[in-house]
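K.L.:
Attaching a single structure in C-alpha coordinates format; questions to follow.
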Amino acid sequence: MDVCVLFHLIVFCILISHISSECFPGCSCGTDRHGRSLTCMETALTGIPDGLPEDLTKIRIEKSQLSELPEAVFSHVKALKHLWLNFNDIAIINIKSLEGLANLTELRLQGNKLRSVPWTAFEETPNLKILDLKHNRIDALPEHALKFLPGLTYLDLSSNQLSVISKDVFLNWPLYHSENKHEKPSASNVVLALHDNPWLCDCRLGGFIEFIKSLTPPFILMNSYLTCSSPELKAGRFFHEVDLKTCVKPVVSAPVITITAPLGGNVTLTCSASARPEAVIRWIYALKMLRGFRDILSHVDEDTISSQLVIPSLHSADRGLYTCIANNFLGNSSVIISVDVKSPEGSSSHPSGPSAAIGEENVYIDIRIAKQTVYGITIEWRAVTENPAETWFTIHFGRYDAVKKEQIYIGPGINTYSVTDLLPATKYEICVTLKNQAPRIGQCIVFVTGSDFNEMEQREKLIHIVVIVLAMVLAVPAGMYACTTDAKFNCFERCAELWRNRRHAELSNPTGDRQGTFDSLQAASDEGLYKESNKDKKARRRSAEKIHKTKNDRRPTAELY
(Lines of atoms letter the chains of each structure in order from A and count residues from 1; the text may use other names and numbers.)
(Lines give C-alpha, C1' and ligand atoms only; values in the text may rest on other atoms or scores of the structure.)
Protein backbone atom coordinates (compact mmCIF):
# COMPACT_ATOMS: atom_id res chain seq x y z
CA MET A 1 0.00 0.00 0.00
CA ASP A 2 2.78 2.36 0.94
CA VAL A 3 4.56 1.55 -2.32
CA CYS A 4 1.47 2.50 -4.37
CA VAL A 5 1.09 5.82 -2.58
CA LEU A 6 4.76 6.59 -3.11
CA PHE A 7 4.48 5.72 -6.81
CA HIS A 8 1.50 8.04 -7.31
CA LEU A 9 3.28 10.86 -5.50
CA ILE A 10 6.32 10.49 -7.78
CA VAL A 11 4.15 10.54 -10.92
CA PHE A 12 2.27 13.58 -9.64
CA CYS A 13 5.50 15.47 -8.96
CA ILE A 14 6.84 14.63 -12.42
CA LEU A 15 3.65 15.91 -14.05
CA ILE A 16 3.70 19.10 -12.00
CA SER A 17 7.37 19.64 -12.85
CA HIS A 18 6.72 19.07 -16.56
CA ILE A 19 3.76 21.44 -16.59
CA SER A 20 5.79 24.04 -14.71
CA SER A 21 8.88 23.82 -16.93
CA GLU A 22 6.92 23.92 -20.20
CA CYS A 23 4.74 26.94 -19.42
CA PHE A 24 5.31 28.41 -22.96
CA PRO A 25 6.61 26.67 -26.10
CA GLY A 26 10.39 26.80 -26.06
CA CYS A 27 10.44 28.42 -22.62
CA SER A 28 10.75 27.18 -19.08
CA CYS A 29 9.19 28.31 -15.84
CA GLY A 30 10.54 27.87 -12.37
CA THR A 31 10.03 28.86 -8.77
CA ASP A 32 12.66 29.67 -6.16
CA ARG A 33 12.89 31.70 -3.00
CA HIS A 34 12.72 34.91 -5.06
CA GLY A 35 9.47 33.92 -6.74
CA ARG A 36 8.30 32.54 -10.05
CA SER A 37 10.34 33.07 -13.24
CA LEU A 38 10.02 32.67 -17.02
CA THR A 39 13.08 31.94 -19.17
CA CYS A 40 13.10 31.89 -22.99
CA MET A 41 16.52 31.42 -24.60
CA GLU A 42 17.20 31.33 -28.36
CA THR A 43 13.56 30.96 -29.31
CA ALA A 44 11.66 32.10 -32.39
CA LEU A 45 9.61 34.57 -30.36
CA THR A 46 8.90 37.80 -32.25
CA GLY A 47 6.86 39.35 -29.44
CA ILE A 48 6.18 39.08 -25.73
CA PRO A 49 3.97 35.99 -25.16
CA ASP A 50 0.34 36.55 -24.28
CA GLY A 51 -1.10 35.33 -21.01
CA LEU A 52 1.94 35.82 -18.81
CA PRO A 53 1.25 34.65 -15.25
CA GLU A 54 0.53 37.56 -12.95
CA ASP A 55 2.81 36.29 -10.20
CA LEU A 56 6.01 36.30 -12.27
CA THR A 57 8.87 38.14 -10.55
CA LYS A 58 11.49 37.54 -13.25
CA ILE A 59 11.25 37.41 -17.06
CA ARG A 60 14.27 36.53 -19.16
CA ILE A 61 13.87 36.47 -22.95
CA GLU A 62 17.26 36.52 -24.67
CA LYS A 63 18.71 35.79 -28.12
CA SER A 64 15.27 35.80 -29.66
CA GLN A 65 13.65 37.96 -32.33
CA LEU A 66 11.87 40.63 -30.29
CA SER A 67 11.81 43.91 -32.22
CA GLU A 68 9.50 46.11 -30.16
CA LEU A 69 8.10 46.59 -26.67
CA PRO A 70 4.43 47.52 -27.18
CA GLU A 71 2.28 49.64 -24.93
CA ALA A 72 1.40 48.14 -21.52
CA VAL A 73 2.79 44.74 -22.54
CA PHE A 74 3.68 43.87 -18.91
CA SER A 75 0.96 45.87 -17.17
CA HIS A 76 -0.77 42.82 -15.64
CA VAL A 77 2.50 41.34 -14.29
CA LYS A 78 2.59 43.74 -11.37
CA ALA A 79 4.91 41.58 -9.25
CA LEU A 80 7.70 41.75 -11.86
CA LYS A 81 11.06 42.82 -10.41
CA HIS A 82 13.64 41.61 -12.94
CA LEU A 83 13.27 42.05 -16.71
CA TRP A 84 16.06 40.75 -18.94
CA LEU A 85 15.66 41.27 -22.69
CA ASN A 86 19.28 41.07 -23.81
CA PHE A 87 20.50 40.27 -27.34
CA ASN A 88 17.26 40.70 -29.23
CA ASP A 89 16.44 43.04 -32.13
CA ILE A 90 14.53 45.61 -30.09
CA ALA A 91 14.57 48.97 -31.87
CA ILE A 92 11.41 50.58 -30.49
CA ILE A 93 10.23 51.01 -26.92
CA ASN A 94 6.74 52.42 -26.57
CA ILE A 95 6.51 55.30 -24.13
CA LYS A 96 3.97 53.28 -22.10
CA SER A 97 5.62 49.88 -22.42
CA LEU A 98 6.64 49.86 -18.73
CA GLU A 99 3.18 50.77 -17.49
CA GLY A 100 2.24 48.99 -14.25
CA LEU A 101 5.80 47.97 -13.30
CA ALA A 102 6.07 49.92 -10.07
CA ASN A 103 8.04 47.05 -8.45
CA LEU A 104 10.63 46.70 -11.23
CA THR A 105 14.18 46.98 -9.90
CA GLU A 106 16.25 45.64 -12.81
CA LEU A 107 15.97 46.26 -16.57
CA ARG A 108 18.57 44.85 -18.94
CA LEU A 109 18.46 45.66 -22.67
CA GLN A 110 22.04 44.87 -23.68
CA GLY A 111 22.82 44.12 -27.32
CA ASN A 112 19.69 45.45 -29.00
CA LYS A 113 19.18 48.05 -31.75
CA LEU A 114 17.96 51.04 -29.76
CA ARG A 115 18.82 54.44 -31.20
CA SER A 116 16.81 56.31 -28.58
CA VAL A 117 14.99 55.60 -25.34
CA PRO A 118 11.70 57.18 -24.18
CA TRP A 119 13.15 58.33 -20.88
CA THR A 120 9.79 59.52 -19.54
CA ALA A 121 8.68 55.86 -19.59
CA PHE A 122 10.71 55.38 -16.40
CA GLU A 123 8.15 57.45 -14.52
CA GLU A 124 6.34 54.08 -14.20
CA THR A 125 9.38 52.44 -12.53
CA PRO A 126 10.25 54.53 -9.45
CA ASN A 127 12.12 51.62 -7.79
CA LEU A 128 14.47 50.86 -10.69
CA LYS A 129 18.02 50.22 -9.47
CA ILE A 130 19.79 48.68 -12.46
CA LEU A 131 19.54 49.94 -16.05
CA ASP A 132 21.75 48.20 -18.61
CA LEU A 133 21.73 49.72 -22.12
CA LYS A 134 25.20 48.79 -23.33
CA HIS A 135 25.89 47.70 -26.91
CA ASN A 136 23.02 49.62 -28.49
CA ARG A 137 23.02 52.53 -30.95
CA ILE A 138 22.00 55.39 -28.66
CA ASP A 139 23.49 58.64 -29.97
CA ALA A 140 21.99 61.32 -27.72
CA LEU A 141 20.87 61.94 -24.15
CA PRO A 142 18.35 64.72 -23.48
CA GLU A 143 19.11 66.99 -20.55
CA HIS A 144 16.32 65.48 -18.43
CA ALA A 145 16.95 61.84 -19.38
CA LEU A 146 17.61 60.79 -15.76
CA LYS A 147 14.81 62.81 -14.20
CA PHE A 148 12.68 59.75 -13.40
CA LEU A 149 15.55 57.52 -12.25
CA PRO A 150 16.20 58.78 -8.70
CA GLY A 151 17.20 55.41 -7.23
CA LEU A 152 19.68 54.02 -9.77
CA THR A 153 22.78 52.28 -8.48
CA TYR A 154 24.00 51.05 -11.89
CA LEU A 155 23.72 52.80 -15.27
CA ASP A 156 25.48 51.28 -18.27
CA LEU A 157 25.62 53.30 -21.50
CA SER A 158 28.90 51.90 -22.75
CA SER A 159 29.45 50.85 -26.37
CA ASN A 160 26.82 53.10 -27.87
CA GLN A 161 27.11 56.00 -30.33
CA LEU A 162 27.29 58.89 -27.87
CA SER A 163 29.55 61.69 -29.08
CA VAL A 164 28.40 64.77 -27.14
CA ILE A 165 26.63 64.95 -23.77
CA SER A 166 25.71 68.04 -21.82
CA LYS A 167 26.82 68.04 -18.21
CA ASP A 168 23.24 69.03 -17.38
CA VAL A 169 22.18 65.43 -18.02
CA PHE A 170 23.79 64.52 -14.70
CA LEU A 171 23.36 67.85 -12.95
CA ASN A 172 19.59 67.45 -13.45
CA TRP A 173 19.67 63.91 -12.01
CA PRO A 174 17.79 63.90 -8.68
CA LEU A 175 20.20 61.28 -7.31
CA TYR A 176 23.19 63.55 -7.98
CA HIS A 177 21.54 66.42 -6.11
CA SER A 178 20.57 64.28 -3.14
CA GLU A 179 24.08 62.83 -2.79
CA ASN A 180 25.75 66.24 -3.04
CA LYS A 181 23.38 67.74 -0.47
CA HIS A 182 23.65 64.67 1.78
CA GLU A 183 19.89 64.49 1.98
CA LYS A 184 19.97 60.67 2.04
CA PRO A 185 23.33 59.02 2.52
CA SER A 186 23.63 56.32 -0.11
CA ALA A 187 23.78 52.75 1.11
CA SER A 188 25.85 51.76 -1.93
CA ASN A 189 27.93 53.22 -4.69
CA VAL A 190 26.48 54.48 -7.96
CA VAL A 191 28.30 52.89 -10.90
CA LEU A 192 28.39 54.65 -14.27
CA ALA A 193 29.65 52.96 -17.45
CA LEU A 194 30.27 55.42 -20.29
CA HIS A 195 33.33 54.00 -22.04
CA ASP A 196 33.63 52.84 -25.66
CA ASN A 197 31.62 55.68 -27.14
CA PRO A 198 32.86 57.85 -30.06
CA TRP A 199 33.37 60.98 -27.96
CA LEU A 200 33.79 64.22 -29.92
CA CYS A 201 36.22 66.23 -27.81
CA ASP A 202 35.52 69.79 -28.88
CA CYS A 203 34.19 72.73 -26.90
CA ARG A 204 30.68 71.22 -26.75
CA LEU A 205 31.94 68.38 -24.57
CA GLY A 206 33.88 70.65 -22.22
CA GLY A 207 31.26 70.75 -19.48
CA PHE A 208 30.82 66.98 -19.48
CA ILE A 209 34.57 66.37 -19.30
CA GLU A 210 34.84 68.72 -16.32
CA PHE A 211 31.96 66.82 -14.68
CA ILE A 212 33.72 63.49 -15.23
CA LYS A 213 36.95 64.87 -13.75
CA SER A 214 35.09 66.08 -10.67
CA LEU A 215 33.29 62.80 -9.86
CA THR A 216 33.85 61.47 -6.36
CA PRO A 217 32.30 58.58 -4.41
CA PRO A 218 29.63 57.37 -4.19
CA PHE A 219 29.74 57.97 -7.98
CA ILE A 220 32.22 55.60 -9.59
CA LEU A 221 33.15 55.18 -13.24
CA MET A 222 33.40 51.54 -14.32
CA ASN A 223 36.19 52.65 -16.69
CA SER A 224 37.66 56.03 -15.83
CA TYR A 225 39.80 56.16 -18.98
CA LEU A 226 37.27 57.69 -21.33
CA THR A 227 38.88 58.32 -24.73
CA CYS A 228 38.37 60.94 -27.44
CA SER A 229 37.54 59.63 -30.91
CA SER A 230 37.58 62.98 -32.72
CA PRO A 231 38.56 65.56 -33.87
CA GLU A 232 41.70 64.19 -35.44
CA LEU A 233 44.03 66.32 -33.31
CA LYS A 234 42.59 64.83 -30.10
CA ALA A 235 41.76 61.29 -31.22
CA GLY A 236 43.09 58.65 -28.83
CA ARG A 237 43.65 61.04 -25.92
CA PHE A 238 42.07 60.48 -22.51
CA PHE A 239 39.59 62.95 -21.05
CA HIS A 240 41.99 63.91 -18.28
CA GLU A 241 44.61 64.86 -20.91
CA VAL A 242 42.53 67.38 -22.86
CA ASP A 243 41.78 70.98 -21.98
CA LEU A 244 38.83 72.30 -23.97
CA LYS A 245 38.16 76.00 -24.53
CA THR A 246 34.79 77.71 -24.68
CA CYS A 247 32.81 77.73 -27.91
CA VAL A 248 32.95 80.81 -30.17
CA LYS A 249 31.08 81.97 -33.26
CA PRO A 250 32.98 81.88 -36.59
CA VAL A 251 35.11 84.84 -37.66
CA VAL A 252 35.79 84.90 -41.41
CA SER A 253 38.55 86.76 -43.22
CA ALA A 254 40.04 86.88 -46.72
CA PRO A 255 43.55 88.00 -47.72
CA VAL A 256 42.20 89.60 -50.92
CA ILE A 257 38.63 90.80 -51.43
CA THR A 258 38.98 92.32 -54.93
CA ILE A 259 40.37 90.26 -57.81
CA THR A 260 40.74 91.28 -61.46
CA ALA A 261 41.96 88.62 -63.88
CA PRO A 262 42.16 88.22 -67.66
CA LEU A 263 39.62 86.25 -69.62
CA GLY A 264 40.59 82.55 -69.63
CA GLY A 265 42.88 82.83 -66.63
CA ASN A 266 42.75 80.73 -63.47
CA VAL A 267 41.55 82.38 -60.26
CA THR A 268 41.68 81.08 -56.68
CA LEU A 269 39.53 82.71 -54.01
CA THR A 270 40.67 82.16 -50.43
CA CYS A 271 38.96 82.66 -47.09
CA SER A 272 39.72 81.49 -43.55
CA ALA A 273 37.38 80.84 -40.64
CA SER A 274 38.29 80.68 -36.96
CA ALA A 275 35.68 79.06 -34.73
CA ARG A 276 35.02 76.59 -31.93
CA PRO A 277 33.74 74.05 -32.77
CA GLU A 278 35.17 73.92 -36.26
CA ALA A 279 33.07 75.84 -38.78
CA VAL A 280 31.58 74.51 -41.99
CA ILE A 281 32.48 76.69 -44.98
CA ARG A 282 30.38 77.09 -48.11
CA TRP A 283 30.64 79.39 -51.09
CA ILE A 284 27.69 81.22 -52.62
CA TYR A 285 27.86 82.34 -56.22
CA ALA A 286 25.29 82.76 -58.93
CA LEU A 287 26.35 80.15 -61.46
CA LYS A 288 26.87 77.16 -59.19
CA MET A 289 24.48 75.02 -61.21
CA LEU A 290 26.18 75.98 -64.49
CA ARG A 291 29.81 75.37 -63.61
CA GLY A 292 31.34 73.11 -60.99
CA PHE A 293 34.17 74.90 -59.18
CA ARG A 294 36.63 73.03 -56.96
CA ASP A 295 36.68 73.76 -53.23
CA ILE A 296 39.91 72.87 -51.39
CA LEU A 297 39.75 72.72 -47.58
CA SER A 298 42.77 72.71 -45.27
CA HIS A 299 43.48 73.16 -41.54
CA VAL A 300 45.58 76.14 -40.52
CA ASP A 301 45.53 75.33 -36.80
CA GLU A 302 43.24 73.68 -34.26
CA ASP A 303 40.55 76.35 -34.56
CA THR A 304 41.10 77.69 -38.08
CA ILE A 305 40.32 76.23 -41.48
CA SER A 306 41.02 77.67 -44.91
CA SER A 307 38.93 77.22 -48.04
CA GLN A 308 40.08 77.85 -51.60
CA LEU A 309 37.59 78.15 -54.44
CA VAL A 310 39.32 77.42 -57.74
CA ILE A 311 37.79 78.96 -60.88
CA PRO A 312 39.43 77.41 -63.94
CA SER A 313 39.50 79.26 -67.26
CA LEU A 314 37.73 82.43 -66.20
CA HIS A 315 34.61 83.25 -68.23
CA SER A 316 32.86 86.57 -68.55
CA ALA A 317 29.91 85.08 -66.71
CA ASP A 318 32.13 84.40 -63.69
CA ARG A 319 32.31 88.11 -62.97
CA GLY A 320 30.49 89.09 -59.78
CA LEU A 321 30.48 88.75 -56.01
CA TYR A 322 31.42 85.51 -54.26
CA THR A 323 30.45 85.02 -50.63
CA CYS A 324 32.37 82.75 -48.27
CA ILE A 325 30.12 81.75 -45.36
CA ALA A 326 31.25 79.85 -42.27
CA ASN A 327 28.84 78.56 -39.67
CA ASN A 328 28.66 76.43 -36.54
CA PHE A 329 25.89 75.95 -33.99
CA LEU A 330 26.51 79.44 -32.54
CA GLY A 331 25.96 81.34 -35.78
CA ASN A 332 27.65 82.33 -39.01
CA SER A 333 29.97 84.93 -40.50
CA SER A 334 30.85 85.80 -44.09
CA VAL A 335 33.16 87.77 -46.35
CA ILE A 336 32.48 88.91 -49.92
CA ILE A 337 35.12 88.70 -52.65
CA SER A 338 34.64 90.65 -55.89
CA VAL A 339 35.83 89.10 -59.16
CA ASP A 340 36.20 91.15 -62.34
CA VAL A 341 37.16 89.87 -65.78
CA LYS A 342 39.38 91.79 -68.18
CA SER A 343 38.95 91.40 -71.90
CA PRO A 344 42.06 91.05 -74.12
CA GLU A 345 41.84 94.80 -74.81
CA GLY A 346 42.26 95.47 -71.10
CA SER A 347 38.76 96.69 -70.23
CA SER A 348 36.34 94.96 -67.91
CA SER A 349 34.45 92.23 -69.67
CA HIS A 350 30.80 91.37 -69.64
CA PRO A 351 28.99 88.22 -70.64
CA SER A 352 29.63 87.39 -74.24
CA GLY A 353 26.91 86.76 -76.75
CA PRO A 354 25.31 88.38 -79.75
CA SER A 355 24.15 91.93 -79.43
CA ALA A 356 20.53 92.42 -78.60
CA ALA A 357 18.39 92.64 -81.66
CA ILE A 358 16.30 95.74 -82.15
CA GLY A 359 13.20 93.67 -81.52
CA GLU A 360 14.58 92.54 -78.14
CA GLU A 361 15.25 96.00 -76.80
CA ASN A 362 11.67 96.23 -75.53
CA VAL A 363 11.14 92.58 -74.61
CA TYR A 364 8.74 92.28 -71.71
CA ILE A 365 10.14 90.25 -68.79
CA ASP A 366 7.54 88.82 -66.44
CA ILE A 367 9.12 88.60 -62.96
CA ARG A 368 7.55 87.23 -59.80
CA ILE A 369 8.48 86.04 -56.32
CA ALA A 370 8.24 82.25 -56.43
CA LYS A 371 9.28 81.31 -52.91
CA GLN A 372 10.08 82.93 -49.59
CA THR A 373 12.03 81.41 -46.71
CA VAL A 374 13.35 82.47 -43.34
CA TYR A 375 16.58 83.53 -45.07
CA GLY A 376 15.50 85.04 -48.35
CA ILE A 377 13.46 84.81 -51.53
CA THR A 378 13.51 83.08 -54.89
CA ILE A 379 12.37 84.89 -58.02
CA GLU A 380 11.28 83.50 -61.38
CA TRP A 381 10.97 85.26 -64.70
CA ARG A 382 9.74 84.62 -68.21
CA ALA A 383 10.66 86.34 -71.42
CA VAL A 384 10.00 85.62 -75.10
CA THR A 385 13.12 86.33 -77.16
CA GLU A 386 14.26 85.59 -80.69
CA ASN A 387 17.06 83.24 -79.58
CA PRO A 388 16.29 81.87 -76.09
CA ALA A 389 19.19 79.39 -76.33
CA GLU A 390 21.62 82.33 -76.58
CA THR A 391 19.93 84.88 -74.35
CA TRP A 392 21.76 85.99 -71.21
CA PHE A 393 20.13 87.83 -68.34
CA THR A 394 21.54 90.19 -65.75
CA ILE A 395 20.33 90.22 -62.14
CA HIS A 396 20.66 93.60 -60.40
CA PHE A 397 20.37 93.18 -56.63
CA GLY A 398 21.05 95.29 -53.57
CA ARG A 399 19.58 97.68 -51.07
CA TYR A 400 17.02 99.97 -52.59
CA ASP A 401 19.04 103.11 -51.84
CA ALA A 402 22.39 101.66 -52.94
CA VAL A 403 24.05 103.64 -55.73
CA LYS A 404 25.73 100.56 -57.18
CA LYS A 405 24.05 97.18 -57.04
CA GLU A 406 25.51 93.74 -57.45
CA GLN A 407 25.25 92.34 -60.97
CA ILE A 408 24.94 88.61 -61.54
CA TYR A 409 24.97 87.14 -65.02
CA ILE A 410 22.63 84.25 -65.75
CA GLY A 411 23.18 82.02 -68.76
CA PRO A 412 20.64 80.73 -71.28
CA GLY A 413 17.95 78.38 -70.06
CA ILE A 414 17.96 79.61 -66.45
CA ASN A 415 14.89 81.40 -65.11
CA THR A 416 15.22 81.38 -61.32
CA TYR A 417 17.49 83.06 -58.81
CA SER A 418 17.63 83.03 -55.01
CA VAL A 419 18.98 85.50 -52.48
CA THR A 420 19.72 84.57 -48.87
CA ASP A 421 20.97 86.02 -45.58
CA LEU A 422 18.82 89.15 -45.90
CA LEU A 423 18.81 91.73 -43.12
CA PRO A 424 15.55 92.36 -41.24
CA ALA A 425 13.60 95.59 -41.72
CA THR A 426 15.56 96.43 -44.87
CA LYS A 427 14.35 97.61 -48.26
CA TYR A 428 15.82 95.70 -51.21
CA GLU A 429 15.48 95.88 -54.99
CA ILE A 430 16.01 93.03 -57.43
CA CYS A 431 15.74 93.43 -61.22
CA VAL A 432 16.01 91.12 -64.22
CA THR A 433 17.19 92.53 -67.55
CA LEU A 434 18.53 91.28 -70.86
CA LYS A 435 22.32 91.03 -70.93
CA ASN A 436 23.81 94.31 -69.71
CA GLN A 437 20.76 96.47 -70.14
CA ALA A 438 19.79 98.88 -67.40
CA PRO A 439 16.61 98.01 -65.48
CA ARG A 440 13.39 99.38 -66.91
CA ILE A 441 9.81 99.58 -65.68
CA GLY A 442 8.37 96.12 -65.17
CA GLN A 443 11.71 94.42 -64.59
CA CYS A 444 12.19 95.08 -60.86
CA ILE A 445 10.71 94.11 -57.53
CA VAL A 446 11.23 96.20 -54.41
CA PHE A 447 10.53 94.42 -51.13
CA VAL A 448 10.89 95.15 -47.45
CA THR A 449 11.98 92.45 -45.03
CA GLY A 450 9.99 92.12 -41.85
CA SER A 451 10.96 92.78 -38.26
CA ASP A 452 9.63 92.12 -34.76
CA PHE A 453 7.85 88.94 -35.82
CA ASN A 454 7.02 86.20 -33.39
CA GLU A 455 8.38 82.65 -33.44
CA MET A 456 5.54 81.28 -35.54
CA GLU A 457 5.93 84.02 -38.13
CA GLN A 458 9.67 83.47 -38.19
CA ARG A 459 9.16 79.83 -39.11
CA GLU A 460 6.65 80.68 -41.81
CA LYS A 461 8.19 83.69 -43.50
CA LEU A 462 10.75 86.43 -43.23
CA ILE A 463 9.59 88.83 -45.92
CA HIS A 464 6.16 90.31 -45.40
CA ILE A 465 4.01 93.45 -45.29
CA VAL A 466 4.82 94.96 -48.69
CA VAL A 467 6.26 94.19 -52.09
CA ILE A 468 6.47 97.07 -54.54
CA VAL A 469 6.47 95.93 -58.15
CA LEU A 470 7.52 98.57 -60.60
CA ALA A 471 5.10 97.41 -63.27
CA MET A 472 3.20 94.16 -63.03
CA VAL A 473 3.34 90.86 -61.11
CA LEU A 474 1.58 87.69 -62.19
CA ALA A 475 1.64 86.03 -58.77
CA VAL A 476 2.57 87.10 -55.26
CA PRO A 477 3.19 84.70 -52.34
CA ALA A 478 1.10 84.84 -49.18
CA GLY A 479 1.84 87.83 -46.98
CA MET A 480 3.05 90.05 -49.85
CA TYR A 481 1.21 92.88 -51.57
CA ALA A 482 2.00 94.75 -54.76
CA CYS A 483 1.83 98.38 -55.81
CA THR A 484 3.16 100.27 -58.82
CA THR A 485 5.23 103.39 -58.96
CA ASP A 486 2.86 105.14 -61.34
CA ALA A 487 -0.10 104.93 -58.91
CA LYS A 488 -1.98 108.20 -58.38
CA PHE A 489 -2.16 107.71 -54.61
CA ASN A 490 0.11 106.77 -51.72
CA CYS A 491 1.17 103.17 -52.42
CA PHE A 492 2.10 102.24 -48.89
CA GLU A 493 -1.19 103.51 -47.47
CA ARG A 494 -3.09 101.46 -50.02
CA CYS A 495 -1.00 98.36 -49.27
CA ALA A 496 -1.60 98.81 -45.56
CA GLU A 497 -5.34 99.06 -46.24
CA LEU A 498 -5.23 95.88 -48.33
CA TRP A 499 -3.33 94.14 -45.55
CA ARG A 500 -5.98 95.11 -42.98
CA ASN A 501 -8.78 93.97 -45.28
CA ARG A 502 -7.02 90.68 -45.95
CA ARG A 503 -6.42 90.02 -42.25
CA HIS A 504 -10.09 90.75 -41.54
CA ALA A 505 -11.12 88.31 -44.27
CA GLU A 506 -8.78 85.62 -42.94
CA LEU A 507 -10.22 85.98 -39.44
CA SER A 508 -13.75 85.82 -40.80
CA ASN A 509 -13.02 82.83 -43.04
CA PRO A 510 -10.02 80.89 -41.59
CA THR A 511 -10.43 78.07 -44.11
CA GLY A 512 -10.33 80.35 -47.07
CA ASP A 513 -7.58 80.52 -49.63
CA ARG A 514 -4.61 82.40 -48.20
CA GLN A 515 -2.53 82.49 -51.35
CA GLY A 516 -2.44 85.76 -53.25
CA THR A 517 -3.00 85.18 -56.96
CA PHE A 518 -3.00 87.10 -60.18
CA ASP A 519 -6.81 87.16 -60.12
CA SER A 520 -6.91 88.89 -56.74
CA LEU A 521 -4.27 91.37 -57.83
CA GLN A 522 -6.17 92.06 -61.03
CA ALA A 523 -9.29 92.82 -59.02
CA ALA A 524 -7.28 95.23 -56.91
CA SER A 525 -5.95 96.91 -60.01
CA ASP A 526 -9.50 97.43 -61.25
CA GLU A 527 -10.20 99.35 -58.06
CA GLY A 528 -7.33 101.73 -58.72
CA LEU A 529 -4.22 100.00 -57.43
CA TYR A 530 -2.47 101.01 -60.63
CA LYS A 531 -3.35 102.63 -63.93
CA GLU A 532 -1.81 102.12 -67.32
CA SER A 533 -2.00 103.88 -70.61
CA ASN A 534 -3.73 102.12 -73.53
CA LYS A 535 -0.38 101.86 -75.24
CA ASP A 536 1.21 100.05 -72.31
CA LYS A 537 -1.75 97.70 -72.05
CA LYS A 538 -1.53 96.71 -75.70
CA ALA A 539 2.23 96.12 -75.49
CA ARG A 540 1.87 93.98 -72.40
CA ARG A 541 -1.04 92.07 -73.89
CA ARG A 542 1.14 91.10 -76.86
CA SER A 543 3.96 90.00 -74.55
CA ALA A 544 1.54 88.06 -72.37
CA GLU A 545 0.24 86.19 -75.42
CA LYS A 546 3.81 85.23 -76.35
CA ILE A 547 4.47 84.06 -72.82
CA HIS A 548 1.29 81.98 -72.85
CA LYS A 549 2.48 80.18 -75.98
CA THR A 550 5.71 79.13 -74.27
CA LYS A 551 4.10 78.36 -70.93
CA ASN A 552 4.65 74.62 -71.16
CA ASP A 553 8.26 74.81 -72.35
CA ARG A 554 10.77 73.05 -70.18
CA ARG A 555 12.77 75.52 -68.09
CA PRO A 556 15.88 74.32 -66.23
CA THR A 557 16.62 76.26 -63.06
CA ALA A 558 19.68 77.18 -61.02
CA GLU A 559 19.34 77.66 -57.28
CA LEU A 560 21.62 79.81 -55.19
CA TYR A 561 23.51 77.65 -52.74
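Note: Cβ is positioned from N, Cα and C throughout, glycine not excepted.
Feature list, courtesy of Swiss-Prot:
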type	residues	note
COMPBIAS	508-523	compositional bias 'Polar residues'
DISULFID	C271-C324	disulfide bond
DOMAIN	22-54	domain 'LRRNT'
DOMAIN	197-249	domain 'LRRCT'
DOMAIN	250-342	domain 'Ig-like'
DOMAIN	364-449	domain 'Fibronectin type-III'
REPEAT	55-76	repeat 'LRR 1'
REPEAT	79-102	repeat 'LRR 2'
REPEAT	103-124	repeat 'LRR 3'
REPEAT	151-172	repeat 'LRR 5'
SIGNAL	1-21	signal peptide
TRANSMEM	462-482	transmembrane segment
K.L.:
Just to be sure I understand, if DSSP states are collapsed into helix, strand and coil, how many residues of the domain 'Ig-like' (250-342) fall in each?
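P.N.:
Tallied per class, the domain 'Ig-like' (250-342) gives 3 helix, 59 strand, 31 coil.
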K.L.:
For C271 (disulfide bond), list the number of other Cβ atoms lying within 10 Å of its Cβ atom.
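P.N.:
A count of 26.
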K.L.:
Do any residues, 6 or more residues outside the repeat 'LRR 3' (103-124), come within under 8 Å Cβ-to-Cβ of it, and if so which ones?
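P.N.:
Distal contacts: 78-91, 93-97, 130-140, 142, 144-149, 156, 161.
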K.L.:
Based on DSSP, tally up the residues of the repeat 'LRR 2' (79-102) by helix, strand and coil.
P.N.:
0 helix, 5 strand, 19 coil
K.L.:
Just jot down the residues in the same chain as C324 (disulfide bond), at least 6 apart in sequence, with C-beta under 8 A of its C-beta; none if empty.
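P.N.:
Listed in sequence order: V252, A254, L269, C271, A273, I281, R282, W283, S307, L309, S334, V335, I336, I337.
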K.L.:
May I have the DSSP-based helix, strand and coil counts for the residues of the domain 'Fibronectin type-III' (364-449)?
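P.N.:
Counting residues per DSSP class in the domain 'Fibronectin type-III' (364-449), I get 3 helix, 45 strand, 38 coil.
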